[in-house]
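Novice: First the structure, which I've put down as structure tokens, then a few questions once you've had a look.
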């Protein structure tokens, strides 16, 4: 009898947790709403649909920040490789500026994680916005070059798109 009561209590608790968890899940309609607010809705929908199965908003923010930081780190390594490989002085100056921007962007993304963890959507928003500015500044710097590494341009555009998604999500999070 006691075992039966424990099973019932366990099942009741499990059902309660499932109901609570599902009430915070992001629906495909909400994903569309998020993506409609970005500068590149088609990129956003493709990204969210391939990465997520109805996460909650904080999980969605974390995974988006994870992807953004991974891409920024990859871009930073590529930039350092280009500089180390030898380029003309003008290109070296532009790529060096990009390295500085990406070092700063990665730092801003690390702080965005901290704000997310503490439930501070506004703080996350400010740090993601700063990271987006870094990618944008790098794009401006390299567009002036005669010969540009396409992976730097493509990665910077992807980072801008990912930051756009994170910014929309941050606006949906609580403000501290």
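Glycine is treated like the rest: Cβ placed from N, Cα and C.
Grabbed the feature section from Swiss-Prot, which reads as follows:
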DISULFID  35-44  disulfide bond
DISULFID  98-138  disulfide bond
CARBOHYD  154  N-linked glycosylation site
SIGNAL    1-25  signal peptide
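Walk me through where these features lie, including what they touch and how far apart they are.
Specialist: DSSP assigns residue 44 (disulfide bond) to a helical segment in the three-state reduction.
In three-state terms derived from DSSP, residue 98 (disulfide bond) belongs to a helical segment.
Sequence-distant contacts of residue 154 (N-linked glycosylation site), defined as residues of its own chain at least six apart whose C-beta falls under 8 angstroms from its C-beta, are absent.
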Novice: Would you mind ranking the disulfide-bonded residues 44, 98, 138 by how many other Cβ atoms sit within 10 Å of each Cβ and giving me the lowest?
Specialist: 44
Novice: Write down the Cα-Cα distance for residue 138 (disulfide bond) and residue 35 (disulfide bond), rounded and given in Å.
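Specialist: Residue 35 (disulfide bond) to residue 138 (disulfide bond), Cα-Cα distance: 25 Å.
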